[in-house]
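The structure appears below as C-alpha cells.
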Amino acid sequence: MGRNRSGCVARCVSLTALVLLLCCPVVRSSEAETDPDSHTEHGDSHGGSREGNDTGFQIVTFRWEHVQTPYVIALWILVASLGKIVFHLSEKVTSVVPESALLIVLGLILGGIVWAADHSASFTLTPTVFFFYLLPPIVLDAGYFMPNRHFFGNLGTILTYAVIGTVWNAATTGLSLYGVFLLGLMGDLKAGLLEFLLFGSLIAAVDPVAVLAVFEEVHVNEVLFIIVFGESLLNDAVTVVLYNVFNSFVEVGAGNVQGLDYFKGIVSFFVVSLGGTAVGIIFAFILSLVTRFTKHVRVIEPGFVFVISYLSYLTADMLSLSAILAITFCGICCQKYVKANLCEQSITTVRYAMKMLASGAETIIFMFLGISAVNPTIWTWNTAFILLTLVFISVYRVIGVVIQTWILNHYRVVQLEIIDQVVMSYGGLRGAVAFALVVLLDSNYVGERRLFVSTTIIVVYFTVIFQGLTIKPLVKWLKVKRSQHKEPLLNEKLHGRAFDHILSAIEDISGQIGHNYLRDKWTNFDRKYLSKIMMRKSAQISRDKILSVFRELNLKDAISYVSEGERKGSLAFIRSSSDVNVDFTGPRHSVVDSSVSAVLRESTSEVCLDMHAVENRAKSPKDREEIVTHHMLQQHLYKPRKRYRLNYSRHKLARSEGEKQDKEIFQRTMKKRLENFKPTKLGTNYTTKFRNMKKERAAKKKHSDAVPNGRLATHSVSFHVNKDSEVEDPADGGISFLITPASNDADETGTGIDNPSFSNEEDQSIYQMIPPWISNEETVIPSQRARLQIPRSPTNFRRLTPLQLSNRSIDAFLLADISDEHPLSFLPESSM
C-alpha cells in the first residue's frame with residue numbers, strides 16, 4: 001500500500017513539473033506580446049524566412065499563443081485537483097492538517113518553482129478574478145444549503161457579532177496601531193490616522209471562505225457553526241462600507257473631510273446592507289417564478305439557478321451594494337421553492353454542480369494565496385507592525401466576543417457557554433477577502449501599501465495555518481458539543497413541530513412577540529400567498545405535511561416488508577390491481593385465493609421473477625415439465641436481436657427501468673391504500689349503505705340454496721382469471737406480470753406472502769364459526785335488526801372495534817362493516 005501511494009505521489013510530482021515547464025513559456029510569450037518592437041522584429045524575421053523558404057501548406061503547426069490562456073487555466077485547475085487527491089490519500093495527514101493549509105503550502109512550493117524558473121511572478125490572485133469568478137460560487141453554495149431554521153433563529157445574535165463586532169475590531173485595531181506609531185515603536189512610516197483605520201477595516205472582518213474551510217472539518221454543533229459562519233457572511237456590508245468610506249477619505253485627504261461625510265458613511269451602511277438584501281430577495285422571487293414554468297424544459301432548468309443567482313451578485317455590485325449579501329439571500333430565499341419546482345434529476349444536478357464549483361473555487365483560492373506570496377516586490381518587513389497587528393486582532397476579538405455574549409445571554413433562551421465563546425474567539429479567521437481588498441489599494445494615496453500587503457499575508461497564513469491546525473485539538477480538549485449528521489426520526493419531527501405550536505401559542509397568549517410567534521405567522525403567510533404564487537400546484541400538493549408523513553411511513557412499511565420477504569426467501573413481491581396474498585408466518589388455508597400463479601407462490605432461495613430461477617422441488621409433473629421446457633427453449637432457441645427504443649431527446653432525460661418500476665409499485669400501492677380511504681374521504685352515508693345492503697341480501701336469499709334447517713349453504717369463494725389475461729400496462733410504460741389461473745382448491749397450502757398493507761387482517765374463519773351460545777338443538781331466529789348487528793361475544797368482539805387496515809400503517813380507523821362477499825353462515829334464516 002505504501003509503495004502504491006509513493007508511486008502515485010511521484011507521478012503527481014512529475015506531472016506538476018511538466019505543467020510548470022509548459023507554463024514557463026507563458027511569461028515569455030506575454031512579454032513578447034507586450035513589447036511591440038520585439039514583436040515586429042520577430043514578425044519581420046519570420047516573414048523573411050517564409051519568403052526565403054516557402055514550403056507551401058503545413059499540415060500540422062504549433063500555435064501555443066492561440067490556446068495559451070484557456071490551456072494554462074485548465075492546467076492550474078488540474079494541478080489543484082490533483083493536489084487535493086494526493087492530500088486525501090493519507091487520512092492521517094488530513095485529520096491533523098486542514099486542507100486549506102495544505103493548499104497554501106502547495107501554492108508556496110509551486111510559486112517558488114515558477115519564480116526559480118522565470119524570476120517573475122506571472123501568476124497571482126487578482127481582485128477581479130477573485131471577486132467576479134471565485135467568490136460567488138462559494139457564497140451561493142453557502143446560502144443555498146443554509147439551514148434556515150438555525151440561521152433565522154439566531155439572526156439577532158449573528159447581526160450583533162457581524163455589525164457591532166466588526167466595527168469594534170476595525171476601530172480598536174486601527175486606533176491601537178496608530179497609538180503605538182505615535183509612541184515611535186514602529187519607526188518612520190508614511191501613514192496617518194485614516195491609513196491605519198483603513199487597514200483596520202480590511203483586516204478586521206472574518207472571512208467566510210476560511211471559516212467554511214476550517215469549521216466544516218471540525219464539525220462543531222449547529223448553533224456554534226451558524227453563528228460564526230453567519231457572522232462571516234453578514235459582516236460583508238460593514239466591511240464594504242468601512243473600506244469605501246476610509247478609502248475615499250484617504251483619497252480626498254484628511255483636511256478636506258467634513259462632518260457631513262461621516263453622516264453619509266453611516267447612511268451608506270444601511271443602504272448597502274439593506275439594498276443588497278433586497279436585490280437578493282427580488283432575484284430569488286424571479287428565480288422561483290421561472291422554475292415554476294420549466295416543466296417541459298427539464299434539461300436546462302438547473303442553468304437558471306446559477307445564471308439568475310450570479311446576476312443578483314453582479315447587479316448588486318453594479319449598484320455599489322453588498323454583492324455577498326445579495327447572492328446569499330438569493331440562495332436562502334429561493335431554496336424552498338426551487339427544490340419544490342425542480343424534478344429529482346435537476347435537484348441532484350444543482351446540488352453536485354454547486355458543490356463542485358464551490359470546492360474548486362476554494363481550492364484555487366488557497367493555492368493562489370500561496371503562489372502570490374512568492375513575489376519579492378510586494379514584501380516590506382516591519383517586525384513591530386506585523387507582530388502588534390497579530391496581537392491586537394486576537395485580543396480585541398476575545399474582548400468583543402465576551403462583552404457581546406454577556407449582553408446577548410440576557411435575551412437568549414439557549415445560553416452561549418464559556419467554551420462556545422472560546423471557540424468563537426479562536427475562530428475569527430482571515431482569508432482571501434482581506435488579501436483582495438489590500439491589493440486594491442492605490443500606492444499613490446497609501447504610501448505603506450507594500451507593508452499592508454505583507455502584513456495581510458502574514459495574518460492570513462497565521463489564522464489559516466496555525467489556528468486551523470490547533471482548533472481541532474482545542475475543540476476536543478474543551479469537549480465542545482459536536483454535530484450529529486443524522487436524519488431526525490419521524491417521532492422527533494412530530495414532537496418538534498408540536499413544541500413549536502405550543503411555544504407560539506404561549507407567546508400569543510402572553511402577548512409577547514418572539515421567534516416562535518414570528519415563525520408561525522410567516523409560515524401561515526407563506527402557505528396562503530407565497531407558495532401559491534411561486535410553486536406549481538403539483539408541488540404544493542406534494543409538499544403537504546400530512547402527505548409527507550404518510551409517504552415516510554409508507555417508505556418504512558416498504559423497507560420492512562421487502563427486508564422481511566428477502567429473509568423468508570419469498571418472491572411474491574408483485575403489485576397488481578388484484579388481491580395479493582402475503583403471509584410471512586407460514587402456510588395457512590386461505591378462503592380468498594389470489595391471482596398469483598402457483599409457480600410464483602412457491603418458496604425459493606432468492607427473489608426472482610423468472611421461471612428458470614425457481615427450484616424444481618415439490619411440484620406437480622406438469623410444473624416440472626414446464627420448467628424443463630422453459631430451460632430448453634431458453635438455451636437452444638435462436639435469440640433475436642434486441643430492439644432498443646430511441647430515448648434521446650434534447651429536452652428530456654429518459655427514465656431508467658428501475659425508476660419506472662419504482663413508480664409503478666408506488667402508484668399501485670397508493671391505489672390500494674386510497675381505496676381504503678373512500679368511505680371517510682367521500683363521506684359515505686351509512687344509512688343508505690345499510691339500506692342497500694338489505695336490498696342486496698333480500699335478492700341473494702331468493703337465489704340461494706337453502707337447507708331444511710333454515711341455514712344458508714357455505715360457499716367456497718375464489719377468484720378465477722383466464723389463462724391469457726394480463727394486467728394492463730401502466731401509462732408510464734412500467735413492467736407488467738402475467739397472471740396464471742388460480743387454484744380452485746381452498747385447502748391448497750401456498751407459501752406465498754400475505755401483504756398486510758393490501759389484505760384484510762381479520763380471520764376469515766370467523767364467518768364459518770358457530771357462536772358458543774347457540775347449540776345445534778336450539779336455533780333462535782333473529783330479527784331483521786339483529787341480522788345487521790352481530791351479538792357481542794368473545795368470538796366476534798373484535799369485529800365491533802375499529803379496524804386498522806395494517807399493523808404498520810397510519811390508515812384511518814374505519815368501522816368494520818359486514819362483508820357482502822362473505823354471508824354470515826351462522827345466522828339462521830327465518831323459516832316461512
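Note that Cβ sites are derived from N, Cα and C of the backbone, with glycine treated the same way.
Record features (Swiss-Prot):
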| type | residues | note |
| --- | --- | --- |
| COMPBIAS | 36-51 | compositional bias 'Basic and acidic residues' |
| REGION | 31-51 | region 'Disordered' |
| REGION | 740-760 | region 'Disordered' |
| SIGNAL | 1-29 | signal peptide |
| TOPO_DOM | 30-66 | topological domain 'Extracellular' |
| TOPO_DOM | 90-97 | topological domain 'Cytoplasmic' |
| TOPO_DOM | 118-126 | topological domain 'Extracellular' |
| TOPO_DOM | 184-196 | topological domain 'Extracellular' |
| TOPO_DOM | 253-259 | topological domain 'Extracellular' |
| TOPO_DOM | 339-345 | topological domain 'Cytoplasmic' |
| TOPO_DOM | 375-382 | topological domain 'Extracellular' |
| TOPO_DOM | 405-417 | topological domain 'Cytoplasmic' |
| TOPO_DOM | 442-448 | topological domain 'Extracellular' |
| TOPO_DOM | 483-832 | topological domain 'Cytoplasmic' |
| TRANSMEM | 67-89 | transmembrane segment |
| TRANSMEM | 98-117 | transmembrane segment |
| TRANSMEM | 127-144 | transmembrane segment |
| TRANSMEM | 148-183 | transmembrane segment |
| TRANSMEM | 197-218 | transmembrane segment |
| TRANSMEM | 221-252 | transmembrane segment |
| TRANSMEM | 260-294 | transmembrane segment |
| TRANSMEM | 297-319 | transmembrane segment |
| TRANSMEM | 322-338 | transmembrane segment |
| TRANSMEM | 383-404 | transmembrane segment |
| TRANSMEM | 418-441 | transmembrane segment |
| TRANSMEM | 449-482 | transmembrane segment |
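The stretch from 67-89, 98-117, 221-252, 322-338, 449-482 that makes the most Cβ contacts under 8 Å with the transmembrane segment (148-183) is 221-252. For the transmembrane segment (449-482), same-chain residues at least 6 beyond its ends with a Cβ under 8 Å from one of its own Cβ atoms are 96-98, 100-101, 104, 189, 199, 202-203, 210, 213-214, 217-221, 224, 366, 369, 372-373, 378-382, 385-386, 389-390, 393, 419-420, 422-423, 426-432, 434-435, 438-439, 441-443.
Of the ranges 67-89, 127-144, 221-252, 383-404, 418-441, the one with the most Cβ pairs under 8 Å to the transmembrane segment (98-117) is 67-89. The transmembrane segment (221-252) and the transmembrane segment (418-441) are in contact, since at least 3 Cβ pairs between them lie under 8 Å (pairs 6 or more apart in sequence). Beyond its flanks by at least six residues, the transmembrane segment (260-294) meets 237-238, 240-241, 244-245, 249, 300-301, 304-305, 308-309, 311-312, 315-316, 319-334, 337-338, 341-342, 533-536 of its own chain at Cβ-Cβ distances under 8 Å.
Simply put, out of 197-218, 297-319, 418-441, 418-441 has the most Cβ pairs sitting under 8 Å from the transmembrane segment (383-404). Secondary structure of the topological domain 'Extracellular' (442-448) per DSSP, as helix, strand and coil residue counts: 0 helix, 0 strand, 7 coil. Counting only same-chain residues 6+ beyond the ends of the topological domain 'Extracellular' (184-196), those with a CB under 8 A from a CB of the stretch are 174-175, 177-178, 246, 249-250, 254, 382, 384-385, 388, 446-448, 451. Mean pLDDT, taken over the topological domain 'Extracellular' (118-126), works out to 74 on the 0 to 100 scale. DSSP labels the residues of the topological domain 'Cytoplasmic' (405-417) in these numbers: 4 helix, 0 strand, 9 coil.
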